[in-house]
Amino acid sequence: MKPLLETLYLLGMLVPGGLGYDRSLAQHRQEIVDKSVSPWSLETYSYNIYHPMGEIYEWMREISEKYKEVVTQHFLGVTYETHPMYYLKISQPSGNPKKIIWMDCGIHAREWIAPAFCQWFVKEILQNHKDNSSIRKLLRNLDFYVLPVLNIDGYIYTWTTDRLWRKSRSPHNNGTCFGTDLNRNFNASWCSIGASRNCQDQTFCGTGPVSEPETKAVASFIESKKDDILCFLTMHSYGQLILTPYGYTKNKSSNHPEMIQVGQKAANALKAKYGTNYRVGSSADILYASSGSSRDWARDIGIPFSYTFELRDSGTYGFVLPEAQIQPTCEETMEAVLSVLDDVYAKHWHSDSAGRVTSATMLLGLLVSCMSLL
């Protein structure tokens, strides 16, 4: 048992036998819990272990203070249980308009390796942006928006009560069942396939499209920035897959071949690190049919590149990936994500530059034609 879980159990907040989490006890004893958790600083923060939400909140605050010239913490919304949702914006000052890369982790509560990767990604960018020419190049024209834990209520619940909880924690059917699958709640052919209207089910799609406060917060923000977002990345586990749209239909997005090409290159970069094999394809083709996913919704609103990463492993440990695998998982995934970002960057700015060259050539041709008439 983890030290924090031992503490919660001994304090009576983790009730044995699956009876649940006593919120009143948690509130009254929070101060005791805080004192019982070993003190840490950003310098000693380990990226090789899983962290409870309280430590992730503190990490976000401290990292935005230490690297304040590059990263800022921003309020996004609140969860059903009124926990604040924050994202980190990594940005270098620039006189030019910049495009956006979005990354979220932890939409499914039990997939702990996903928030671990979001933290790893932020750490790697911040520690290396001055010395790594590739990262410097990306930051000249791109801002990174990172939401380390989307499903905060569910994530906390996996630490206190049920390690394999998937959904959010909103009550339904007069409190007889809890939670919505937030990755079935987006407005992308909502609840048409691979989702359930029964609130007892793992894939309960909610009471309507974007019915949950967590999905509303994300959808509202993404909608407001959609014209500037080049790439939408949502990190999951497990299965070792890079998934493209769509899950709700066998039809493909207009740039499907290009997305597969970028995804396959990323899978190759990932494999080169430790030999881990990833498959690339649309969700409907290589995983299963599903509707209401954030990936499909992002593509439907016009974001050109949208991917789901299903991280390690392929089923041996499943959602309970050992901490010994955090570092290699994050290192190889970092290679894949940087490959995607390099390709997206090159495709956008190459086409933009090509467009400017074509326009300039046409203008020059018109000027020459006009001068010949004089």
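The backbone N, Cα and C atoms fix where each Cβ goes, and this holds for glycine too.
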> The Zn(2+) site in Swiss-Prot includes H108, E111. Which of H51, H74, H172, H236 is also listed there?
Replying inline: H236
>> Name them in sequence order: residues not among H108, E111, H236 whose Cβ is within 8 Å of the mean position of the Cβ atoms defining the Zn(2+) site.
In response: G106, I107, A109, R110, A114, R166, N183, M235, S237, E310, F319
> Averaged over the domain 'Peptidase M14' (49-344), what pLDDT does the prediction give?
Replying inline: 98
>> Nearest by CA distance to N187 (N-linked glycosylation site): which of the recorded positions is it, out of N132, N174, H236?
In response: H236
> Where does H236 (Zn(2+) binding site) sit in DSSP terms: helix, strand, or coil?
Replying inline: strand
> Out of N132, N174, N251, which of these glycosylation sites is nearest H236 (Zn(2+) binding site) by C-alpha distance?
Replying inline: N251
>> Out of N132, N174, N187, N251, which of these glycosylation sites shows the lowest number of other CB atoms within 10 Å of its CB?
In response: N174
